[in-house]
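Peer 1: Dumping what TrEMBL says about this protein:
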COMPBIAS  1-13  compositional bias 'Polar residues'
REGION    1-46  region 'Disordered'
TRANSMEM  71-92  transmembrane segment
TRANSMEM  101-120  transmembrane segment
TRANSMEM  161-183  transmembrane segment
TRANSMEM  204-228  transmembrane segment
TRANSMEM  240-259  transmembrane segment
TRANSMEM  285-305  transmembrane segment
TRANSMEM  311-332  transmembrane segment
TRANSMEM  339-359  transmembrane segment
Amino acid sequence: MSESSTPLRQSSPLGMHRKTQGKKQTAKDQSKSMSPMTPPTVEAQYGGNDKSGVLQVFPSAWLPYLQLVRLWPPAALLLIFFPHAFGILLAAIKSQAPAEYVLRTSITVFGGCFFFSNAAHTWNDLIDAPLDAQVERTRKRPIPRGSITPKAAILFGATQVLGAVIFLACMPLGLWTSGLYALPNIISTTYYPFAKRHTRFPQLVLGFCLAWGVVMGELAMGVQPLAYSPDAAGVTVDTSVIFLVMGTALWVLIYDTIYAHQDLQADLKVGIKSLAVLLQDRTKAVLWPVLLLMTGLLVEAGRASGLGTSYHLFAVGGASLSLGLMVWCVDLQDSRSCWWWFSNGFWWTGGTIMIGLLVEYSIQVRF
C-alpha cells in the first residue's frame, strides 16, 4: 500500500497510429503508441524534486516535506484512500446508512489517510535513502539530496503518526478496537521498505498494506468485518470484505509492478528486489492471469454482499477493462509510459469500483 511540467510531444494517450513504410503495425507497436501526450520529467515521476502543480503555491521552505510525502501528483494519497472508500461504501450498502453519515465518515477517513500517507512515505524514504541515492529517478528525493536530514524526517514523521492516531481515535468503535484492527496494516507498512531487500514480492506486501484499507473503511462505519463472540458462533468473518481485500490487493500488485518497471535497470544494478526484477520480459504474461483472478474476486465480493447489476457493470466490468487497457498498452521498456499509465490508470480502476459501489448504494438505500 503510496513526485511535471516540460512541454511534451503531441501523441494521444489513447494511441495514434504511427506512419509506417507500407507495413501494418504489430500489436506491440500499437501498444507503444498508447503513450503519454507529453512525456513527464524524471522529477514528475515521484523523483522527489518536482515543483509543479499545487506545489507552486507553497513557501519554498515547505517544498522538501511536500515532495517527501508525494503531495503532488496526488496518486499516492488517493491510492491509500480508494480502498478505504470501498469499505465505507460496502458497509453503507449493508447497513443502509444515511448519505449524511457516509459523507461525514468519508471526510474523517480521508483526513486519517492524509496523515497515514505522509507517515508511511516518510518512513519509506528514510529507510530507502541509501538505495534511492543510487537510482537516477530517485536520487534527488529530499533525504538523498540533503534537503531533509534523517533526524528531521523522523521528527516530521512522528507528527504525522500523531495526526493519524487522532483520526483513528475518531472511529466509532474507539481507539483501542480501531488500533487492533489497524495493527496488521501498521506492521506491514513498517516492513514494506525492507521487503525490497528480503523478498522478490514486495508488491504483495504493499498490496496487503493498501487493501487493508477496505477493512478500516468498514470499521469507520461502525461495522466489524471480523468479530468474536464468546457463544457458539465464535469468530464471525464478513467474507465479502475478505474477497474485496484480496481483489484490491491484486489491483495494487498490478499497478505497482508496472510502476516498478520505471527503475528496472537501476534496480538490477543496485540489487533492489521486485516483481519487475523477477519477471522482466515475462511481466505482462503474468499480469493477465492476475487480472483474471482479481476480476473473479470482485465478482465473489459482490455475490457475498448481494450486490446487483450496477456493481457488476461498473465495478467489476469497469475495473477489469481499465486494468486490461493498462496492461495491454503500457510499454514496460519506457519509464515514461510506465509512469503515465500508473499515475493516470489508477483513476479509472479505483474510480469505476467506487462508482459501482456508489450507484449500488443509491439504488438500495434510495437517498
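Glycine residues also receive a Cβ, built from the backbone N, Cα and C atoms like all the rest.
Worth saying up front: this structure is predicted, and the values here are computed from it rather than measured.
Help me picture these features in the structure, burial and contacts included.
Peer 2: Long-range Cβ contacts of the transmembrane segment (71-92) within its own chain (Cβ-Cβ under 8 Å, at least 6 residues beyond either end) map to 1-4, 44, 46, 50, 52-55, 101-102, 105-106, 109-110, 113-114, 116-117, 120-121, 210-223, 240-241, 244-245, 248, 252, 255, 301, 305, 342-343, 346-347, 350, 353-354, 357-358, 360-361, 365.
Beyond the ends of the transmembrane segment (101-120), by six or more residues, the same chain brings 1-2, 69-70, 76-77, 80-81, 84-85, 88-89, 92, 157, 160-164, 166-168, 170, 189, 192, 209, 213, 216-217, 220-221, 361 to within a C-beta distance below 8 angstroms of the stretch.
Nonlocal intrachain contacts for the transmembrane segment (240-259), taken as residues 6+ away from its ends with a CB within less than 8 angstroms of a stretch CB, comprise 1, 79, 83, 86-87, 90, 94, 203-204, 206-208, 210-215, 218, 225, 274-276, 279, 283, 287, 290-291, 293-295, 297-298, 300-302, 304-305, 319, 323, 326-327, 330, 332, 338-339, 341-342, 345-346, 349-350.
Listed by sequence, the residues of this chain that lie at least six past the ends of the transmembrane segment (285-305) yet keep a Cβ under 8 A from its Cβ atoms are 90, 93-94, 239-241, 243-244, 246-247, 250-251, 253-254, 257, 275, 279, 311-312, 315-316, 319-320, 323-324, 327, 353.
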